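*Asks:* Sending over a structure as structure tokens; questions will come in a sec.
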Amino acid sequence: MTTSPILQLLLRLSLCGLLLQRAETGSKGQTAGELYQRWERYRRECQETLAAAEPPSGLACNGSFDMYVCWDYAAPNATARASCPWYLPWHHHVAAGFVLRQCGSDGQWGLWRDHTQCENPEKNEAFLDQRLILERLQVMYTVGYSLSLATLLLALLILSLFRRLHCTRNYIHINLFTSFMLRAAAILSRDRLLPRPGPYLGDQALALWNQALAACRTAQIVTQYCVGANYTWLLVEGVYLHSLLVLVGGSEEGHFRYYLLLGWGAPALFVIPWVIVRYLYENTQCWERNEVKAIWWIIRTPILMTILINFLIFIRILGILLSKLRTRQMRCRDYRLRLARSTLTLVPLLGVHEVVFAPVTEEQARGALRFAKLGFEIFLSSFQGFLVSVLYCFINKEVQSEIRRGWHHCRLRRSLGEEQRQLPERAFRALPSGSGPGEVPTSRGLSSGTLPGPGNEASRELESYC
């Protein structure tokens, strides 16, 4: 069997890659021509060995040369192994190693081979260092998303249970909190569903991979939708705040329906096409790797657009806020401090931090820049939900006032109930009309008008945000 000229060229290029790996480590080795000759001799010996061997009578995986190593016939439901190919420039380091591959129950070879024992050991040191960094980043974002999930759930309950906090602004906050929670839950669930085969791909590891593949891809789709919804709700926050400060008139309740449609409907417009194209043209593994960058840009482009629009809204809001502070004739130091505080408050709400590394694509991020981009984005994205819940719920003056009022009413109801249980029956008849067990006298000074609602002026809304 002869090798075509095109295949020879491809093989020479791949073998040059092996030489480059060796050159990077500072070792001596053969030229590309010598390495190709060694590979060609290894291939011929493999074919001669397989031709001389007698095929097994029963079901078995066929012996073959997979362009890397020579495989003998293998029994079904077993893990075959072959010695590391001797044409490798670093073969003397890995002579005792093996390449592993699964032979399925149907007599077909599995898709994956494990050649980690045959890799250049000097090259593996850099790989292990990178893997350690990625594992630490995963621990960091797991802690961040878990903390965000817990605080967001509590903030969501507070904004939902206290009726006096119900207004368009807080309805949008509730949906934003929900999108952060869905994003955190989806990412944490995806990590659980993503199989992690060990260095030796045995029967059990491959079976677990095949069983979890469908669930893992489903989790990947849900994750992409939740991430997209999170960005669109950040955009809704920016559009709503900008409309309060710039636009005049209009029904907030009517606009809220459009906000709902934008926040939860827009992500489907780019996630569904991505799923279709990915299934047709890059249906590999768990869809966690993006080898075809054009397909990944179907999702990346709308997200970058939301980041850019929110950044422009952020700049516009800062300009409006600065003009308002100056018209109040505040001292220079006072309005600068107020502007700085408002800026830091708006950054997590609008996701402005995303613009720092937005121009840097995955293709451009290499080496230290790649890890700097990953660390910056992963840290802020995972803890962003926690920051938003703290800034716009837990330390919000309206929320704190309502919690104190609710706690005061709860204690008052409890004390009234205890007093009424101790009084004789005639004491109940002496109570004023309209009072009774479990009822709390209300004060007109605590009317709902004391809290900013949908009809308040834009300046008061800005105060509540900043």
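The backbone N, Cα and C atoms fix where each Cβ goes, glycine too.
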*Asks:* What residue among C46, C61, C103, C118 is stated in Swiss-Prot to be the disulfide partner of C84?
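*Replies:* If we follow Swiss-Prot, the cysteine bonded to C84 turns out to be C118.
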*Asks:* If you look at what Swiss-Prot says, which of C46, C61 makes a disulfide link with C103?
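*Replies:* Disulfide mapping in Swiss-Prot sends C103 to C61.
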*Asks:* Do V99 and G406 sit on the same side of the membrane in Swiss-Prot?
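*Replies:* Topology check (Swiss-Prot): V99 vs G406, domain names differ.
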*Asks:* Please report the distance from the Cα of N62 (N-linked glycosylation site) to the Cα of N77 (N-linked glycosylation site), rounded to the nearest angstrom.
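*Replies:* Cα to Cα, N62 (N-linked glycosylation site) and N77 (N-linked glycosylation site) are separated by 14 Å.
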*Asks:* Measure from the Cβ of C118 (disulfide bond) and count the other Cβ atoms within 10 Å, all protein chains considered.
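*Replies:* Its Cβ has 23 other Cβ atoms within 10 Å.
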*Asks:* Between 139-161, 170-189, 218-242, 255-278, 378-398, who has the most Cβ pairs under 8 Å to the transmembrane segment (342-362)?
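*Replies:* Most Cβ pairs under 8 Å with the transmembrane segment (342-362) come from 378-398.
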*Asks:* Is the number of Cβ-Cβ pairs under 8 Å between the transmembrane segment (139-161) and the transmembrane segment (378-398) three or more, considering only pairs separated by 6 or more positions?
*Replies:* yes
*Asks:* Have the transmembrane segment (294-319) and the transmembrane segment (218-242) got at least three CB pairs under 8 Å, pairs 6 or more apart in sequence?
*Replies:* yes
*Asks:* Using DSSP with the three-state reduction, classify C118 (disulfide bond) as helix, strand or coil.
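*Replies:* For C118 (disulfide bond) - judged by DSSP and reduced to three states - the answer is helix.
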*Asks:* Where, among 170-189, 255-278, 378-398, do we find the most CB pairs under 8 A to the transmembrane segment (218-242)?
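*Replies:* It is 170-189 that shares the most Cβ pairs under 8 Å with the transmembrane segment (218-242).
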*Asks:* Could you list the residues of the same chain, at least six apart in sequence, whose Cβ is under 8 A from the Cβ of C61 (disulfide bond)?
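*Replies:* Expected: W71, Y73, A74, A75, P76, A80, C103, G104, G107, Q108, W109.
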